[in-house]
Amino acid sequence: MPAGGLAPTGVAKERAELYQGRVTLYVIIACIVAAVGGSIFGYDIGISGGVTSMDGFLQEFFHSVYISKQHAHENNYCKYDNQGLAAFTSSLYFAGLVASLVASPVTTKYGRRASIVCGGLSFLVGAGTNAGAQNLAMLLFGRIMLGVGIGFGNQAVPLYLSEMAPTHLRGALNMMFQVATTLGIFTANMVNYGTQKLEPWGWRLSLGLAAIPALLMTVGGCLLPETPNSLIERGSKVRGRKVLERIRGTDSVDAEFADMVDASELANSIKYPFRNILKKRNRPQLVMAICMPAFQILTGINSILFYAPVLFQSMGFGGNASLYSSALTGAVLAGSTFISITLVDRMGRRVLLISGGIQMIICQVIVAIILGLKFGNNQELSKGYSILVDCNVSLCFSIWLVVGSIRVDRSE
């Protein structure tokens, strides 16, 4: 059944009004456990910058950077210029990119739980390896395993949350992943602030603590039910209906179940899904799905989250002050996410997207005009505006929620 634009396909709109059910304790627990995957993602993002600014870590693996750091006073720009240090950070994302290509067919063929468990196990291995690393090779292997966990977790967790949530609360519950991510970033910043005093081994504690949410994600993935959508897609319609009745708290799920079956049959009838995406009628959705998250990342927010302590130190902050400023950035990011949760299902994705975009434009103007003119001439002014810009760039609402809501015409 063709449905142009961004309308869901395979769903009869007249049946959507007949959906019944409520937010059961079963759904709440499942969503909280699943969203732990987001907290690990956020923790690994937030922990890197603080660890790479710790003297104990640099002395152990990047002694040349440690020497440069001690001798850099007036010009801090190049003191962290080291290919090995860059590999420590970037290997996480590269491994995540490759793993996501593998995670997609695994999630489809074996279910969302399988990918969640694979992600949790990879996180466990990566956290343990990093905490006990004795050389750069072990350190990079641990980061690669963390990246594999991110590839699987980011593939399965948002999808799991979306399919478990009731329709009228899907936006808010789907943002549990974003909430967990931002809280993970904030937690990592606070952990770094505490462990940097535990020289020379505090960095090991920072990296090793990622094993706690990884263990929760792994155990939770084993105990959580599979989503009804996944079961129906893989031919287990009876089991899918039973799970749907359990998570909705009612036996009256005929309308929602019928839509799931229709959507599954339509999806399975498409022989070449990727070729279908490239068709002209789906080009607007494809462009939006690629460009919106790409443009958000190109604003520099990920670089700020990854390197915040290093950036602040390069601007002249002391070790404690740089970590404290990073924690402030993480706190604003987490706070803005809670605001978006309360508003997303009332105001819609578009309003939050536009408001977040306006704030980010203002931030970029501040960066270009104020920091561009004043950096180096007035260090104190630079510090103040650096905190202001970093905090405001964090106020980007609902990009990933909008992308997750995009639908294409799947007819041949």
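Yeah, the Cβs are placed from backbone N, Cα and C, and that goes for glycine too.
TrEMBL annotations: computationally assigned, not manually curated.
Annotation source TrEMBL lists domain 'Major facilitator superfamily (MFS) profile' at 30-412.
The transmembrane segment annotation in TrEMBL covers 23-43 (among others). If one looks beyond the transmembrane segment (23-43) by at least 6 residues along the same chain, the residues whose Cβ comes under 8 Å of a Cβ in the stretch are 116, 119-120, 123, 149-150, 153-154, 156-157, 160-161, 164-166, 169, 173, 176-188, 209-210, 213-214, 216-217, 220, 223-225, 246-249.
Taken from TrEMBL, the feature transmembrane segment applies to 84-102 (among others). Tertiary proximity for the transmembrane segment (84-102) is limited to same-chain residues at least six positions away from its ends with a CB under 8 Å from its CB atoms, namely 44, 48, 52, 61-62, 65, 122, 136, 139-140, 143-152, 154-155, 306-307.
Residues or ranges marked as transmembrane segment by TrEMBL: 114-133 (among others).
The transmembrane segment annotation in TrEMBL covers 139-161 (among others). The list of residues near the transmembrane segment (139-161) in space but at least 6 beyond its ends in sequence, with Cβ under 8 angstroms from a Cβ of it, reads 30-31, 34-35, 37-38, 40-41, 44, 61, 87-88, 91-104, 106-107, 112-116, 118-123, 125-130, 133, 173-174, 176-177, 207, 210, 214, 217, 224, 227, 400, 404.
Feature annotation from TrEMBL assigns transmembrane segment to 173-191 (among others).
The feature transmembrane segment is assigned by TrEMBL to 203-224 (among others). Same-chain residues lying 6+ beyond the ends of the transmembrane segment (203-224) with a Cβ under 8 Å from its Cβ atoms: 30, 33-34, 36-37, 39-40, 43-44, 47, 50-51, 54, 56-57, 60, 113, 116-117, 119-121, 123-124, 126-128, 130-133, 142, 146, 149, 153, 160, 184, 188, 191-192, 195.
Residues or ranges marked as transmembrane segment by TrEMBL: 286-310 (among others).
Marked as transmembrane segment by TrEMBL: 322-344 (among others).
Marked as transmembrane segment by TrEMBL: 351-373 (among others).
Sequence annotations record features per position, and here TrEMBL assigns transmembrane segment to 385-406 (among others).
Sequence-distant contacts of the transmembrane segment (173-191) (same chain, six or more residues past either end, CB-CB distance under 8 Å): 27, 31-32, 34-47, 50, 157-158, 161-162, 164-166, 205-206, 209, 213, 305, 308, 323, 326-327, 329-331, 333-334, 336-338, 340-341, 344, 398, 400-401, 404.
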